[in-house]
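*Asks:* What TrEMBL lists as ATP binding site is G333, P334, N335, T336, G337, G338, K339, T340. Per TrEMBL, region 'Disordered' is recorded for 544-563. The domain 'Smr' annotation in TrEMBL covers 705-780.
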Amino acid sequence: MDIQKHFKLLEFDKIVHTLQKRTFCEKNTQLDPQGLLSQSYADAVASLDRTDEMYTLFLRYSEPGIGHIHDVTQPLTRAQKGGVLSIRELLNVARLMAGCRDALSWYRNCEGTTGVLDPYFDQLVFHSEIYRRIDSAIENEEELADTASDELFSIRRAILRAQNRAREKLDAIIHSSTQQKYLQESIVTMRDGRFVLPVKQEYKGSLPGLVHDTSQSGATLFVEPMAVVELNNEVRIGKVKEQQEIERILAELTDFVVGVRQDILYDYDLLCQIDLLMAKARLARLYDCTKPLLGDDLQIELRRARHPLIAKEVVVPVDISLGQQYDTLVITGPNTGGKTVCLKTLGLFALMAKAGLLIPAAQGSRMGYFSGIFADIGDEQSIEQSLSTFSSHLVNIVDILKYAGRGSLVLLDELGAGTDPTEGAALAIAILEHLRSVGCKTAASTHYAELKMYALKEGGVENASCEFDVESLRPTYRLITGVPGRSNAFAIAGKLGINRMIIDAAKGYVQSDDLKFEDVIESLEQKRAELVHQTELAEHYAQKARRQQEESKKEIDRRLRQAKDETERAHYYASTVIDKVKRESEQVIAEIKERHRKKDASLTPGAVRNRVDKLYDIAGKPIESDDHYQLPRPLRPGDTVTIKGMNAPAEVLRVTGKKAEVQAGAMKTTVTLDRLRLLETPKKKKSQSYRGPRSKASAKVEMEIDVRGMNVEEATMEIDSFIDQGLLSGLTQLSIIHGKGTGALRKGIHEYLRHHKNVAGYRLGTFGEGEAGVTIVTIQ
């Protein structure tokens, strides 16, 4: 059987060609489509796993720059028999070694690998000494480097000296006032590797030397002056020595390479396999593919499958299933409606999965492992072979029936077409029955109503149709499983302008059973459309309910976080007040004891009472509430204000909507208007309300801190407290003055800020803010 013919019908050859163009190893530029197919289910699963792993790494990391790798098999085989590798062949060996090095380095830097690629990368052997010696010895593909050996360096230096001396002598002749007239041109040229001068024919004997050549016209003689003959001889001898040394170096490098020939050949084979896996990953990225769930149960369930050779902008994703409740799928519908594309997609995806290629379909798609994949697709009418459309189809089908069996996928386009409809339909049903009996999974397209009825009646056979929009007279290319397609001939004829009387007359020629069958199909389509609409509506409301549920959950989470933040803030206030009261209490007690010891008469009951009152004032003095404060007028740039919870005055720079940008000292910040208090307008007397203990932070918070003169440890302790106070006051930006100096304090502070959980970012001050002596911190 000509399996390549089936590859071409399913366009697998085009996929393989696209794959080839994404390889870099010379061996992979001529891929055999059949050689790509796995020979067992286990091999196919493993191949898909490897491709999927490589694709995952490509998405996570950049590709390794392996570059083009030449086939070194034949040169190394020749070298094994005593041949010497050329400069280019040695360079190809070095490039192979560099490819191994780069591939190994890339894979070792990849994290989270599953291990399925380990056998390929772990067995690569990078012979660093081979790479180093070849790389250092070769300048380019045509010549060795001067440093390839000390002897080569010495020879080339001697040649260069002789050439320079010869040029000096020739330049002297060129610029000689007496000899210049002998020359056709004032240039030095080469003949047979020797320096010569172009001498006019009429001055042949005027310049002593050896004639090496003449011009085509005979007007110019190329003469080697006697003054440079000896130097040219030195150059010629040097060139011979140079070539001998080059051959010696190449032979030495060849022997070194032959010593590890098997390792190099094994590396090349491994790198070609890795290169092919990388090409498969590139193909998956090109077509936006996923790994199918490959099963040996011969079941297919493709979700949103896209034919890879149809442009993404126009391809319509289809859902196709086969092999579960039914083993035969009969697809009907109008011409150019997508039936053939569905069949090709089925066969192509089966071949791609078998070749270890990911498929352009939605996640979770299933594909069976088929031992044989056969197709009869398209009109192959042959004038040369005197075959009609019907005959050409039958020739292909005969071949398929001969080889297809259990575990085969068979795809038949326009089955039974091209002959008498009654006989063609009967033959088509018989062919489908035979394929079912031998265990094949089959998908066939047809126009015959008999096959639609057969699929409705027969268990294990299912109808499917390619949807057609009668209003626009265009196919939608959507595949609908479970419903046979209508011919739509009368509807299309009416839309195109055929007289209604003619259409009615045509219906009279159709058998009543056929009309009833079409009516049943139309009813099924209407019910299906209604069901689809109801399903879409239900899904719409379900999505809306899910969105509302998510929004409610987010709001609950937000309020819980807010309550938690307020609780933590209250705890902080309480701990601050307790610490303050404790310190003041201890100070009062210590004073009482000390004055009692000294019998100090100034410690009167009234004095003690005043100190105690101060403690009460700290712990819980009623404070003036300004929660209902309203600005007496709209703020304007230049107004002096205070921020709620702070005593420091600030200047209004800009007012935008419900926010204002203000500046206090070197610090700029943006706050909402409800947190600003206009200083020029005296506050009205507010009602008193007890708020409980008041923390130190709520009394006064500065927007900048000066840590100059402190070491890093002292400064960071102060800054930590400073940030906490800023957070409690609702500030978003703070200023830290550390000075310029040596920069050590600034670096230490920046390192501390980089890891602080409440620091969203920081920067050095700009002109007017303190520049490098100040750091502006954004807190959250």
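Note: Cβ is positioned from N, Cα and C throughout, glycine not excepted.
Note that the structure is a prediction, hence the values are computed from the model and not measured.
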*Asks:* When you measure from the Cβ of G338 (ATP binding site), how many other Cβ atoms are you left with inside 10 Å?
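*Replies:* Step by step: centre on the Cβ of G338 (ATP binding site), count other Cβ atoms within 10 Å, giving 24.
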*Asks:* What's the number of neighbouring CB atoms sitting within 10 A of the CB on G333 (ATP binding site)?
*Replies:* 28
*Asks:* Which residue among the binding-site residues P334, K339, T340 has the fewest other Cβ atoms within 10 Å of its Cβ, if you could check?
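*Replies:* Each of the binding-site residues P334, K339, T340 was scored by Cβ atoms within 10 Å; lowest is T340.
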*Asks:* Can you tell me how the residues of the domain 'Smr' (705-780) break down into helix, strand and coil by DSSP?
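*Replies:* The composition, in the requested order, is 31 helix, 19 strand, 26 coil.
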*Asks:* With DSSP as the reference, give the number of residues of the region 'Disordered' (544-563) in helix, strand and coil.
*Replies:* 20 helix, 0 strand, 0 coil
